[in-house]
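If you check Swiss-Prot, you get these features:
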| type | residues | note |
| --- | --- | --- |
| DOMAIN | 15-47 | domain 'LisH' |
| DOMAIN | 49-100 | domain 'CTLH' |
| REPEAT | 223-262 | repeat 'WD 1' |
| REPEAT | 273-314 | repeat 'WD 2' |
| REPEAT | 358-397 | repeat 'WD 4' |
| REPEAT | 449-490 | repeat 'WD 5' |
Amino acid sequence: MSNPTSTTHHNIEIQSQDVIKLILQFLKENSLGNSLTALQEETGINLNAVDSKETFLNDVKNGNWDSVLTVVSTLRLSTTLLMDLYEQIVELLHLKEYELCKYLIRKTEPLNYMKLNQQERYLKLENHLQREYIDLGDFYKYGITTEKRRKQLIEQLNNEIITVPSSRLLSLLSQSLHWQKHQGIIPDDCMEFDLFKGEVPFKKIESEEEQITTVLDKTIKFNNKNKPETIKFSPDSKYLLTGSMDGFIEVWDYNTGKLSKSLAYQSNDDFMMHDDAILCIAFSKDGEFLATGSLDNKIKVWQIKSGKCLRKFEPAHTNGVTCLQFSRNSTQILSGSFDSSLKIHGLKSGKALKIFRGHQSFVNDCCFNHDEDRVISCSSDGKIKIWDAKSSDCLQTITPTSVVTVRDISIRSITILLKNPEFLLVCNSSQISIVSMKSQTISKTFTSENSKTFLVCTLSPLQNYLYAVDEDNILYTFDFNSGSLLNKFKIHDQEVISISHHPTKNLLATTGSDCLLKIWKSNSNDNINN
């Protein structure tokens with residue numbers, strides 16, 4: 001093992017030797033003697049700590065040698081001190097513990113060392129053992145009594161051993177968890193925590209049986225300066241987030257329709273924010289991290305629990321950032337922009353790793369495919385492009401042909417289908433289509449009445465239902481499998497800007513130019529077949 005070094009965290013130097021000592025103490029307290037010995041030998045670092053120095057030294061003072069030798073076996077003391085300690089077994093001879101003395105004299109390492117290096121001293125012990133008798137007054141040097149000899153040993157031991165509180169490793173970990181709770185990094189109601197991964201164990205959240213949303217549940221009012229430009233439910237089902245015109249990112253409790261009180265930074269009016277309007281929001285798969293893109297060309301990455309900005313890309317593009325997606329392992333972010341390009345950014349390096357150029361207008365949406373070896377994008381130029389994620393080469397462009405009836409008009413969004421990832425749900429202005437990426441053919445279409453333009457659309461979590469809003473602010477609900485229209489009604493008085501479905505509940509959030517955010521729920525008495 002290499003020599004331990006020190007590590008500096010926020011100007012506090014942490015010695016690696018101290019970390020090893022914490023582990024040594026843990027091994028000792030949990031009776032893992034073999035591991036304790038192996039780690040001490042490999043690192044050359046010794047614990048030399050006792051639970052209670054006072055108790056240990058009192059055992060020496062009172063001649064409780066069974067307790068003393070048990071503790072000493074876990075320490076790394078100097079050879080001189082060990083020989084002095086083991087020599088004190090003459091007291092056991094005085095108590096006629098002959099067999100024990102014989103074992104200690106002939107089988108222990110300190111006395112074997114004495115035999116090889118201080119023969120006269122060793123033979124003195126051996127001779128007394130053979131006679132099975134000892135006069136301690138004759139054995140000690142002139143004027144030394146048993147009590148004085150024990151006092152000398154106590155002084156020697158006092159210089160080589162230390163005492164530390166028990167369970168230091170667990171205590172420090174506990175303090176760390178309490179601090180993270182105080183900072184909002186760990187939820188207050190958290191009862192389990194994976195120390196190794198540094199996260200709350202993932203628990204699968206049971207999804208409600210999917211039903212269409214028809215009933216207005218909550219309404220949140222904004223004004224023209226702070227109205228949301230984008231909204232999204234978190235994948236861990238906890239929050240609804242809004243990104244607003246004034247640059248604020250707010251985390252809402254969708255059950256109450258109010259700002260979440262579980263996040264300390266929001267309670268202190270310390271919000272996540274940009275200097276300009278927020279255009280897009282994306283979550284990491286586990287919901288721990290948030291990426292936001294703004295009109296002033298910037299991307300910021302946040303930890304939702306603490307509200308801290310972890311990474312900035314300034315600028316990320318030469319124009320506003322319109323769409324974002326995390327890679328599956330949350331180490332990269334894919335972005336699209338008004339500047340017609342896409343980029344992959346590295347969260348560790350803080351740099352753009354790849355750039356994709358080829359669209360002739362705004363990039364409106366982008367995503368990785370399932371294997372993350374392809375990037376898929378759509379644009380206001382009416383084209384869908386499929387890119388090689390490593391080389392940045394455009395591998396395929398889906399454009400109108402005599403076979404493909406997708407019109408050469410703005411494509412607002414794309415969604416990969418769960419059951420068949422070779423197909424895309426494509427939201428065009430005039431219709432919503434299911435398009436094969438291989439054949440570039442349309443297998444199904446969804447249209448509004450009187451060919452009204454679609455503004456936004458989203459799928460239910462299991463992709464049983466398609467929700468789409470047209471320019472008259474009518475919400476259309478389609479059976480995604482059959483294509484039949486199940487319901488339609490007006491949801492806003494002005495243009496709908498953004499839409500998001502809850503990942504496990506029958507909740508749909510919408511926001512519009514009327515400065516309202518509305519949350520819709522299902523009515524369990526609805527007969528969706530009517």
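Placement of Cβ uses the backbone N, Cα and C atoms for every residue, glycine included.
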Contacting positions for the repeat 'WD 5' (449-490) when only residues 6+ beyond its ends and CB under 8 Å are counted: 207, 210, 212-214, 412-413, 415, 417-419, 425, 427-432, 496-504, 506, 508, 510, 512, 528-529
Within-chain partners of the repeat 'WD 1' (223-262) [C-beta distance under 8 Å, separation at least 6 from its ends]: 187-188, 205, 271-288, 290, 292, 294, 302, 304, 497-505, 507, 509-511, 513, 515, 517, 519
Secondary structure tally of the repeat 'WD 5' (449-490) (DSSP, helix then strand then coil): 3 helix, 24 strand, 15 coil
Helix, strand and coil residues within the domain 'CTLH' (49-100) as assigned by DSSP: 34 helix, 2 strand, 16 coil
Residues of the repeat 'WD 2' (273-314) by DSSP state, where helix covers H, G and I: 0 helix, 24 strand, 18 coil
DSSP helix/strand/coil residue counts for the repeat 'WD 1' (223-262): 0 helix, 19 strand, 21 coil
Tally of residues which DSSP labels helix, strand or coil - the domain 'LisH' (15-47): 25 helix, 1 strand, 7 coil
